[in-house]
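Quick look at what TrEMBL annotates:
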ACT_SITE  D135  active site, proton acceptor
ACT_SITE  R137  active site, nucleophile
BINDING   R59, L60, H61, S62, E63, Q80, E101, G102, R103, T123, T158, K163  GTP binding site
BINDING   C64, C75, C77  Zn(2+) binding site
DOMAIN    26-179  domain 'GTP cyclohydrolase II'
Amino acid sequence: MADTPAAPAATQRARVRVPLRFADGYHADAELVTFHGLADGREHLAMVLGDPGEVPLVRLHSECLTGDVLGSARCDCGPQLREAVERIADRGGVLLYLRQEGRGIGLYNKLDAYALQDEGLDTYEANAALGLPEDARDYTAGAQMLRALGIDRVDLLTNNPDKAGQLGDLGVDVRDRVPTGVFTTRHNVHYLRAKALRTQHTLPLAELHATG
Ligand SMILES: Nc1nc2c(ncn2[C@@H]2O[C@H](COP(=O)(O)OP(=O)(O)OP(=O)(O)O)[C@@H](O)[C@H]2O)c(=O)[nH]1
Ligand SMILES: [Zn+2]
């Protein structure tokens, strides 16, 4: 851990109990935490599940309205979110729900990029064709939220080394990187293969076959 955190301090604002009740019967008790002083001024949310303990299991989940809320199978975000809730509730930890829709370019730009993907571009080429960064995400607010929760050491649930790298640079000690599941469908297999081929994501390329 760095002696001086690279991110300015944020503080907790509200902390409220929210029982989670899913349609399939899964349930857990969560606390939602809001913050003052987040670097980018967005309304990011922390969800504390179970007893975080000394080294909590943490996921930085980037907002995906289409996958998280609407059930879109064009990506793997919905199943990853559900998996994260269950694994974090089992072990104790925090899910940071970061308002970084479309890898930070926003919902309308993401849907513009989807239209280009329907014409044959991959997920990164489509962003570039729109004159936008392939990945515009910055995890400064995530590091601020963890510190405001009194957390400076985590096990990070992700296949994306950039998340671990940025958190480390921001003074959060990432003890271990825990892989998320791989949730392929015939609609997202090209997207997942592009992630495996074009970025450092630790996705098993050979296992990326459509399953649903
Ligand atoms: N611009 C763009 N964003 C997308 C697309 N598909 C998913 N996203 C966004 O990507 C973000 C999820 O990022 P991913 O790269 O799938 O996964 P990750 O968060 O980097 O890595 P993991 O922690 O391993 O899940 C969410 O904000 C989604 O809205 C796409 O085709 N174009
Ligand atoms: Zn998604």
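In case you wondered, yes, glycine gets a Cβ from its N, Cα and C as well.
A Cβ distance below 6 Å to any atom of ligand 1 is met, among the recorded positions C64, E101, R103, R137, T158, by C64, E101, R103, T158. In this structure, R59 (GTP binding site) is part of a beta strand by DSSP. Checking the recorded positions R59, C64, C75, E101, D135, R137 for a CB within less than 6 Å of any atom of ligand 2 leaves C64, C75, listed in sequence order. Secondary structure at E101 (GTP binding site), as computed by DSSP, is helix. Under DSSP, D135 (active site, proton acceptor) is assigned to coil, being neither helix nor strand in the three-state scheme.
For the recorded positions listed here (R59, H61, R103, R137), the lowest count of other CB atoms within 10 A around the CB belongs to R137.
In the three-state DSSP reading, C77 (Zn(2+) binding site) counts as helix.
Packing around E101 (GTP binding site) is summarised by its Cβ count: 18 other Cβ atoms lie within 10 angstroms of its Cβ, all protein chains included. For T158 (GTP binding site), applying a Cβ distance below 8 Å and a minimum sequence separation of six or more within one chain yields R59, L60, A164, R177, V178, P179, T180.
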